[in-house]
Amino acid sequence: MKMRYCVLVSVLAILVIRGSAENCGRQAGGALCPGGQCCSKWGWCGTTPDHCGTDCQSQCGGTPSPGPSGSDITNLIPRSTFDRMLLHRNDGACPGKNFYTYDGFIAAARSFGAFATTGDTDTRKREIAAFLAQTSHETTGGWASAPDGPYSWGYCFLREQGNPGAYCTPSAQWPCAPGRKYFGRGPIQITHNYNYGPAGKALGVDLLNNPDLVATDPAISFKTALWFWMTPQSPKPSCHDVITGRWTPSAADRSAGRLPGFGVITNIINGGLECGHGSDSRVQDRIGFYKRYCQIFGIGTGDNLDCGNQRSFGSGRLVDTM
């Protein structure tokens with residue numbers, strides 16, 4: 001009788017915990033857990049090994065514990081360093097002039113508890129460098145002979161240039177709003193309704209009806225890029241897990257040449273177009289930004305920067321092409 005009572009109490013406790021937990025991950029349209037908690041494979045938020053261990057979906061570092069003294073992101077990347085890295089983002093020739101603010105970046109970063117809080121100080125700085133490098137490539141206004149070099153011109157562009165289409169794919173879950181277009185905007189140049197929808201749901205903002213918030217609100221703009229950065233989509237790991245060393249490649253990954261490093265992040269973002277066919281100028285541009293930012297931080301880049309010999313992960317529902 002006592003044994004049956006204990007089992008019943010345990011079951012009820014689990015039900016109470018599950019009933020009170022917030023849905024997250026693929027079960028909730030890519031939603032992230034509050035406070036940097038882990039999202040378990042079942043779509044529940046928490047910080048236990050069951051949440052943060054095998055098959056954890058996002059923010060798998062859990063609620064960050066207090067880091068080394070001075071590890072707050074404003075100490076890792078003060079305003080002066082941010083301005084040095086994105087040296088020409090406010091140049092008069094840049095369409096995104098005065099939009100990508102330091103305060104917007106910091107506000108967005110602090111809303112993702114595991115970003116730049118995982119690992120030692122060098123690992124945290126390396127994550128910032130990798131994030132800013134990949135997004136600098138997506139928004140670059142640089143050219144080979146640009147003043148201060150091509151890798152000083154990240155975050156120049158805000159909206160996709162030319163005459164972009166609607167990027168509307170019929171979807172019952174993420175229906176396109178009348179008259180709205182889902183072309184590239186912001187640091188990651190997020191595209192398509194099936195990306196704006198889950199990003200907005202995760203952030204608590206209606207981006208299907210208001211996609212231009214990504215180009216008018218700096219914090220939301222950075223948050224969409226960080227949402228992409230922190231969110232895995234099988235078989236792709238999250239960029240966060242790769243750069244912080246939390247991702248262990250499977251046998252299939254290894255046979256495809258996908259080893260931990262900056263190159264896998266390029267594969268996650270745009271591998272179908274840029275990886276697996278030897279040298280690619282776009283890949284080299286990403287690496288160029290990354291090396292410069294790591295140099296400014298005074299840290300190493302790690303190994304496996306290129307993806308020329310990696311097979312693509314294949315098409316996913318997150319941002320497939322930029």
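Each residue, glycine too, has its Cβ placed from N, Cα and C.
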*Which of these links to CYS33 by a disulfide bond in Swiss-Prot: CYS45, CYS52?*
CYS45
*In Swiss-Prot, CYS24 is listed as disulfide-bonded to which of the following: CYS6, CYS39?*
CYS39
*CYS52 (disulfide bond): nearby disulfide-bonded residues from CYS24, CYS33, CYS45, Cα cut-off 10 Å*: CYS45
*Inside 10 Å of the Cβ of CYS24 (disulfide bond), count up the other Cβ atoms and send me the figure.*
28
_What does the structure give for the C-alpha distance between CYS38 (disulfide bond) and CYS56 (disulfide bond)? Integer Å is fine._
7
_Distance [Cα-Cα, Å, rounded] between CYS24 (disulfide bond) and CYS33 (disulfide bond)_ = 6
